[in-house]
Amino acid sequence: MTVPLLETQDLSVRFGGHVAVDAVTCAFRAGELTAIVGPNGAGKTTYFNLISGQIPASAGRVLLDGRDITRTPVAARCRLGLGRAFQLTNLFPDLTVLENVRLVIQAHRGRGFSIFSLADAQREVTEAAEAVIDRVRLTPLISQKVSELSHGNQRKLEVALLIALDPRVYMFDEPTAGMSVDEAPVVLDLIAELKAESDRTILLVEHKMDVIRTLADRIIVLHNGKLAADGKPAEVMASDVVQEAYMGKELEDV
Amino acid sequence: MIVTLLSGDRPRSPLLTLILLAILAGLALAPFLFPGVRSLETAARICIFIVLVASYDLLLGYTGIVSFAHTMFFGLGAYGVALASEHIGRGFGALAVGTVAGAVAAALLAMVIGLFSLRVRAIFFAMITLAVASAVAVLVSQLSQITGGEDGLNYRIPRELTPAFRWGGKLFDVNLNGKLLNYYLVFFCSLGLFLLMLRIVNSPFGRVLQAIRENDFRAEAIGYRVVRYRVAATCISAAVAALAGSLFAVWLRYVGPDTTLSFEIMLDILLMVVIGGMGTMYGAVVGATLFVLAQNYLQNLMGLASGATEGVPVVSDLLDPDRWLLWLGVLFILSVYFFPTGIVGRLRAGR
Ligand SMILES: Nc1ncnc2c1ncn2[C@@H]1O[C@H](COP(=O)(O)OP(=O)(O)OP(=O)(O)O)[C@@H](O)[C@H]1O
Ligand SMILES: [Mg+2]
């Protein structure tokens, strides 16, 4: 059997007495789109934080290509190919759309320490950035300051930064949260496009079941920090765990 | 060509362009436009403070790091030149050695402080710089055999840079002497260093610094090792401050704790950055020019005003030249109140 691209083994984190992620063991194969679902506070974002390194694990391991990266710093994990978009928009507000994306491409190409050249003169960087901005349909706003963008457009830029990173593993955390009905499809179509391109490994935290049904190859369910279910979308959605853990709230509402 | 020299960073405001050109012309032609020892002193001081403030802006305005050790680095450069001139003897070699040694020492010290404290939190760095700067200031005044203590050091610089050296007659009534050469040394070095800073902030590296200022968390998440960039910025800023200090030492032919290391100068630098406009580089030019002019001429102006209002009881008291610091404070508060983004920020926004 081949080594999975990304793997977590008994991964846990404890905040005081509260175990937010509880011994999650899960492997992600290359080329797969995995949806991660679970009620609010289930630990989905925290699970991402552990994988991309923003929060140190209390126990367990994270493996990339079979290599232990549990103690590897955030920036180094990023350069190893773990790319992350955030649930709460997390951009460079005083810089323009173009500069935001260019920063990512420049990082990707290891240009950050060039001190005497001109940032604006890096033609390939600018062109690559413009291409990404075009994909998220932000070209008309390219020289706007990010702080002046609408929430929906900031969400698109959040996704653009991840695409610009061209990672091996894409981690989307509720990418369409708070977007209007006509804006969300831009992002969802983009994720579908990424999935269609060969060999993209995508982890997607998403609440909307119809989105998951069309996009996901696999669903894992987190509940109270524990891995509650894992399998094909149809199976998992039909299972009792999901009915109870995820749909539970909706059922109660009925 | 000019745009290349400015690293593509245009003033982006007609009025600002005009002001900058006026300052440039004023400084370039200072010996001829404003003859007299005092005005030349002021012009040289403005040149040097532009560089010093610009190097501080790299840290505060571009990277978002608060440091209280900037005068310490300034002082390292100044003492480097002083000590080298004293021990190696008068000459350009000594100036070069002192300058290089000062800049290298400043960069190294900045690196040590940075590696030690920038890993933790930005506020920790501010506190450490404050502590180290105070310790160095105490050390300099204690080690009087080496540093001259509170009295400072007088030393000799190459004859070619002193008034005694005459290399021509007069041009427009100005003596063509070494002092003039010294002024242009200061002017061109300052101009070069300022353009260098402008280049650095507009480089890919400069963009990363701004990204770190805006959102260090995300900068790290897209693959930049934030600590390294912060440390690098601290080192560059310290080295440039030291170079400004060396120029100051060459110009003054004297260094002492009050002229280079004092906490008052540190506050002045802060004020100049804020008044001019943080994170703009051009703010350093405008801020330093205004501030140094005010420092040097506000007292005169107030003397005149106080004389004119003699007899009006409270007013003439308030306008007494001894109250100039009070008025400087008032000016500062007003400028921060009306231009929270500094003069440059205000001019750019008001297009
Ligand atoms: N840094 C932290 N310190 C303390 N508690 C935390 C921290 N981060 C998360 N938690 C807690 O861990 C639990 C899981 O939070 P998490 O944000 O991972 O949930 P989530 O599944 O992403 O929820 P949502 O759907 O609302 O985004 C919550 O109870 C939260 O309060
Ligand atoms: Mg979440």
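Count begins at 1; order follows the chain as displayed.
Just so you know, glycine gets a Cβ as well, placed from its N, Cα and C.
Listed in TrEMBL:
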TRANSMEM  B:15-35  transmembrane segment
TRANSMEM  B:65-85  transmembrane segment
TRANSMEM  B:92-116  transmembrane segment
TRANSMEM  B:122-140  transmembrane segment
TRANSMEM  B:180-201  transmembrane segment
TRANSMEM  B:231-255  transmembrane segment
TRANSMEM  B:267-294  transmembrane segment
TRANSMEM  B:324-345  transmembrane segment
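Looking at B:15-35, B:180-201, B:231-255, B:267-294, B:324-345, the range that has the most CB pairs within less than 8 A of the transmembrane segment (B:92-116) turns out to be B:231-255. Of the two recorded stretches, the transmembrane segment (B:180-201) lies close to the transmembrane segment (B:15-35), with three or more CB pairs under 8 Å once pairs fewer than 6 apart in sequence are set aside. Within its own chain, the transmembrane segment (B:122-140) is flanked in space by residues 64-69, 71-72, 75, 79, 109, 113-114, 116, 147, 149, 257, 261-263, 266, which lie at least six positions past its ends and keep a Cβ under 8 Å from the stretch. Outside the transmembrane segment (B:324-345), and at least 6 residues removed from its termini, the chain residues within Cβ reach (under 8 Å) are 13, 16, 271, 273-278, 280, 282-283, 286-287, 290, 294-295, 298-299, 302. Beyond its flanks by at least six residues, the transmembrane segment (B:267-294) meets 9, 11, 16, 19-20, 23, 42, 45-46, 49-54, 56-57, 60-62, 70-71, 194, 197-198, 201, 210, 213, 328, 331-332, 335-336, 339, 341-346, 348 of its own chain at Cβ-Cβ distances under 8 Å.
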